[in-house]
Every structure is written in structure tokens, then in C-alpha cells.
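Listed in TrEMBL for this protein:
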type     : residues : note
COMPBIAS : 33-44    : compositional bias 'Basic and acidic residues'
DOMAIN   : 17-155   : domain 'Phosphatidylserine Lipase ABHD16 N-terminal'
DOMAIN   : 279-407  : domain 'AB hydrolase-1'
REGION   : 31-54    : region 'Disordered'
TRANSMEM : 63-87    : transmembrane segment
TRANSMEM : 99-119   : transmembrane segment
Amino acid sequence: MVGVGFRSHCGGRMAVWQWLRCFSGPRLQRIHRSPDQTRPDGRSSRRGFNYQPRGLEKHTDNILGWASTVWSLSYYSSPLLLCYLYRKGYICSSKLVPVSQYLGTILICLLGVACLRGWGRWKNPEYLQFISILEENKRNHSPENKRKLRCFTFDFPHWPQDFSWREVSSPKLTKAGVSLLKPEPKLRGTADSILYSVRTLPCHIIGYLVAHTFGRRMLYPGSVGLLQKAMKPMLMQGQAKLIEEYDGQRNKLVACDGNEIDTMFVDRRRDGGHNGKTLVICCEGNAGFYEVGCMNTPLDAGYSVLGWNHPGFGDSTGVPFPQNEANAMDVVIQFAVHKLGFQLNDIIVYAWSIGGFTATWAVMSYPEIQSLVLDASFDDLLPLALKVMPESWRPLVQYTVRRYVNLNNAEQLLKYQGPVLLIRRSRDEIITTGGPEDIMSNRGNDLLLKLLQSRYPKIMTDEGIRVVKQWLGASNQLEEASVYSGYEVDDGWCVSVLQSYQADRDVLFPWSVGEDMTQEGRRQLALFLARKYMRNFESTHCTPLPASEFHSPWKL
């Protein structure tokens, strides 16, 4: 009898412990079939299914979800709400006591609802299996336990850490994080500097408020919670496709600022193809997520691919200011090298739109990276910001951009010595300062001109710049070919001239090739280099880039 009572007591304690784990556990979203399971035809398949909570768990989860939504709305509207209550005379002890009692009662009811949800989860064998695997993974983060955990998609804050910047020493770190290029300060005397600071103090305060409120959300709409909530079903579907069809591996990386970065890695090295040995790290746009973003382009081309979400996007934490963005990019590269086993010269960085900032930072900071592909990107944020803001705001916009969101892509790109490919969208409506029909106002043109002028200053004289601009003004392939053939460019001769210069000197950029050359020769080289460094894609800004348009950059 004593033995039976002891076993019953232990069983009761075990049941209570399981219920507590279910009570505090994460929301389970999807269950993926294990990679070990195969279909009748012998092919591996990870086709899974969305987790279906039972009646009690489903209803209590809905109640807690609504409560969370009401709390979020109350939090963001609290300044207006407090002003209203103050004017109505509700902020006084006689009014606050009953309100606090009502709130206390609501909290107790919500706690009871959470307890019932835990009970519903405890009665579901699928959730019990998941929570047991999660707890075991926290105790022992072995490869086998990690493989089992990857069969589930659940709330990311509960996902165990897979890699941290602390695991490797990084000499690039400062107190705030990795190093960024800063605008050069204007030299002033001590008295002038104090007077200037006092006069510009209101502008500094307003600039800070603009950058940290609507400015950041305008620049990175993907960080807005409402947009993410609306896109949640699409993001879950995209993530399931990467895991189940491409055997993608989800990982949590911790950057030096404490932000948790959600990543997805697809390994093609075992497939035997040449491209699979190269890793493409993808940097998404300002409303892009790896689940539905530019990852698919290199995937379809057969590369190994590592995608990641900006801080504040999807399940990544933080906010997407330049410093946080660079910190995130740094830990992604460290993860690729130290955990995934790729060498820097086996990595291509591919960026779309605003992702060009982190991509150019990466190649500037890690110059051994094989190459860089920038799709629909720009040289500098400031001209684009001035385009959408009132002219009277110009001083404020200039200060705010340079101080808080200085996306200086061209400045960072010019520090890199490796191969670069720029892809320009011929009908781009986002990074033009004119309109989609004004192809010469596309800021990708400025990025190309700055790169060529930096690397080949003797070729890119006034005449060289003129003919390149003429080529850039072509709106389709037929016009491009007409400009190119009009100057009778001899590709073979251009290659031989550049190879001869490289063989004789083998120097870093800038090159002095073209110094003792005729005007005609410099024109030919300028057009030849422009066509090698930039490819035109006839589309709008947001059209996904086909795999057929994704190429490794030209290398002499």
C-alpha cells in the first residue's frame, strides 16, 4: 500500500509539473514531418500540417489573443487616453480605486483563462510531445535534440539560442557594436561650436523624435506590427515551404547588442552541384522577409542560401537602425563562417533595395568576401528622403538622415576591392527621384558612376562619364545595344588592355589604366566597364528577380 501511495504521489507531482510546462509554454504553430521519414517513392518529404488546438485550448487562446490586442491598442493610445481621463476628472483617488479593482478582477480572470489553456494543452498529446522535446533541448542542446526540435514551428522567443557573437572574438566591436562610417564633423572654433549647438538644439530634438517615431516606420514599414500581423499567414506559409521543400534549418543568432536574429539556412553542398558550394547571404528590402523575399532567387539557381530578418522584422527582435542592422549582419557572417563552415571567399552577398546598406557594410568589413550583387539599390538615402518630404523641411531631413539613418551605401561600397554586380530596374518607381519613366533619376545610376570613378579615375573623365550616362539613358536592351555599337566597342581589345595592366602591376583600386590613351579608347573602356558592372532588368522595383537574371559578378 505504501508503494502504491508513493507512486501515486510521484505521478501527481509529474502531472502538475507537466501542466506547469504547458501553462508557460509557447504557442505551437506547425508540425513538420521528420527528415528521416520518406515517401513511398523513396524521396524525402517534410510536408507538415498546422497544429490544431482542441476546443478548450482554441477558445482560451482566442481570448488571450484579444486581450493582447486590446493591451497593445491601450498602450499606444495611452497619452490621448490619459489626457481625456484627466480632463474628465477621473485621475483622482476616489476614481482610481474602483478602476484598479476592475483591472485586478480582469487580470485574475485572464490568469484563470491561461490556466485553462494550459489544461487544454496538457490534454493534447501533440503538444505534450512538443513541450517534452523543447525542455530536453534546453537541458541538452545536442544535434540530435536540435533535429527533433526543428520538426516544430513555435513562438520564436522560446527557441533555444543556436549561435552568439560571444562564441567568437570580433576585433570590429566597439561599445555600441560594430564599426560604422560616420559623417565627417564640420570644424568649428570652441565658441562657435557652443553657439551652434544651442541654436540647433530644437532641430536635434525634433530630429530625434522624427527618427524614433514615424521616420523609422516610414523607412522600414516591415517593422510595423500591424503589417506583420496582416502578413503572418503568408510568412508562415513561406517558412513552411523553406523547411519542408528545401530542408531549411531555422536558427536563432544573438547579436552583440542583444537582438535575436531569425535566420533560415538551406544547404546545397551535398547535392553535388558547383553552385551549392557557394553560400549566398541575402539582405532583404524595407518590407521584405526571408520567408517571402529574395531568398528564392539564389535557391532556384542552385546555391546554398542563408536568409535573415532585419531587427524588428518577423521574429527578429530590436529596431532596424543602422547600428543594429550592422550588428545583425556581423553575427550572420560569423555564423556562416564559424558554425556553417563556409570560407569568406565562398560567400556571395546578395541584397535587394535597402538591404544594400548591410550588404555594402559586410563587404567593407570583410573584404575577403567573394563578391557582391546589389539589386534595385541606391547610393545614398538622403536624395530619396528629400524627394518625399516638403522642401521647407530640408535642413531637418538632412540632419535626421545623417545623424540617425545614414544609409551611405556608395561610401561603404568604395571601400571594397572585389567583384560587384549592380542590377537596375528599368521601371523602378521607388529609388528614382523623378518618376518611373525618368530612368536617369534612378539612384542606381549614381551608384555605378561613383564606383567606376573610384576604381578607374583615368577612364571616367568628363568624356567617359558622358558616354556612360548616354548608355544609362537607354530604357531597353535595343537602345543599349545601339549606344554600345555606336561607339564600336571592341570587347576583346578592352579585356586585353585591362589584363595587361593587371599583369604588369597587380595593384589595388584605383587603377591608372587609360592615363596615356586616346579619347576613343577611354570611351570604349568606359562603356565596356559599365556593361560589366551593371545589368538592366526590365521591371518595376518589387518584381521578384528570376533565377536566370542572377549571375556572379564579372571578374577580370
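Keep in mind that glycine also has a Cβ here, set from the backbone N, Cα and C atoms.
Using a Cβ-Cβ cut-off under 8 Å and counting only residues 6 or more beyond its ends in the same chain, the transmembrane segment (63-87) has close neighbours at 110, 113-114, 117, 225. Among residues of the same chain six or more beyond the transmembrane segment (99-119), those with a C-beta under 8 A of the stretch's C-beta atoms are 19-20, 22-25, 56-57, 60-61, 63-64, 67, 90.
For the domain 'AB hydrolase-1' (279-407), the DSSP-based tally of helix, strand and coil residues reads 60 helix, 21 strand, 48 coil. When DSSP labels each residue, the domain 'Phosphatidylserine Lipase ABHD16 N-terminal' (17-155) comes out as 92 helix, 11 strand, 36 coil, counted as helix, strand and coil in that order. Taken together, the residues of the domain 'Phosphatidylserine Lipase ABHD16 N-terminal' (17-155) have an average pLDDT of 83.
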